[in-house]
Amino acid sequence: MPCQTPIIVALDFPDAASAMAMAERLDPARCRVKVGKELFTAAGPAIVESLQQKGFDVFLDLKFHDIPNTAAGAVRSAAELGVWMVNVHASGGRRMMEACREVLARRAGSQPLLTAVTVLTSLEQEDLQEVGLDIEPMVQVQRLARLVQDCGLDGVVCSAREAKALRSTLGDDFKLVTPGIRPADASGDDQKRIVTPAQALENGSSYLVIGRPITSADDPAQALDTILDSI
Ligand SMILES: O=c1ccn([C@@H]2O[C@H](COP(=O)(O)O)[C@@H](O)[C@H]2O)c(=O)[nH]1
């Protein structure tokens, strides 16, 4: 059965066995899953195939950021794995994003959603300043999201704090993928621009990326259910 909810569970684990043990406790009709840099570096494409065989839609969150030819090749390889979504960094610029979009358009068969990271949810204004960006996260996210849409991508990764403004300017079809989601009583961990699940959806998020609040819970399926009840 296709996934019926907007939740994407981040499987940030050091090996395939731990990730698959977590996947066993989740239901592909109730969440999608995300494979990021830690798990993919340890377990490779085989982990994507194993999760897909269990019925999960996989978001391959490798945040490609390279010269256009290299990034486009990486996106093509991701598409060949049959992933549901793949992403790049918007700061890779127009030519990189257009090359990634074009490589997917030229491919026969089903295409993954292609999204771009704007400003990581672990960053706040002082962090941007330190890397030479004298700008509020909200303003930088809006600037990059307009560029991403102009390059023909399907959506952005941003904080749900920015979702309301983006939804009103970029329209209903543009995907807003929002990590940094925390239930009201949860630790923020290393996240800075956090939002509760219910508020994120009210702001216009399309998908909520949630890792530790689910995967570190004693009962991950129950933690997911509690979040689903709250939205
Ligand atoms: O801006 C971003 C982009 C990606 N992420 C990823 O989402 C999850 C969040 O996990 P939590 O445990 O819920 O904090 C993680 O895999 C990040 O790599 C992000 O947090 N922010």
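Note: Cβ is positioned from N, Cα and C throughout, glycine not excepted.
TrEMBL annotations:
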type: DOMAIN; residues: 6-227; note: domain 'Orotidine 5'-phosphate decarboxylase'
type: BINDING; residues: Asp12, Lys34, 61-70, Thr121, Arg182, Gln191, 211-212; note: substrate binding site
type: ACT_SITE; residues: Lys63; note: active site, proton donor
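Annotation note: Lys63 (active site, proton donor) sits in a strand segment as assigned by DSSP. The Cβ neighbour count for Lys63 (active site, proton donor), using a 10 Å radius over every protein chain in view, is 18.
For ligand 1, no neighbouring recorded positions occur among Leu62, Lys63, His65, Pro68, by Cβ distance under 6 Å. Taking all protein chains in view, 18 other C-beta atoms sit within 10 angstroms of the C-beta of Leu62 (substrate binding site). Within the model, the domain 'Orotidine 5'-phosphate decarboxylase' (6-227) carries an average pLDDT of 98.
Neighbour counts of Cβ atoms within 10 Å were compared for the binding-site residues Asp12, His65, Pro68, Thr121, Gly211, and the top value is held by Thr121.
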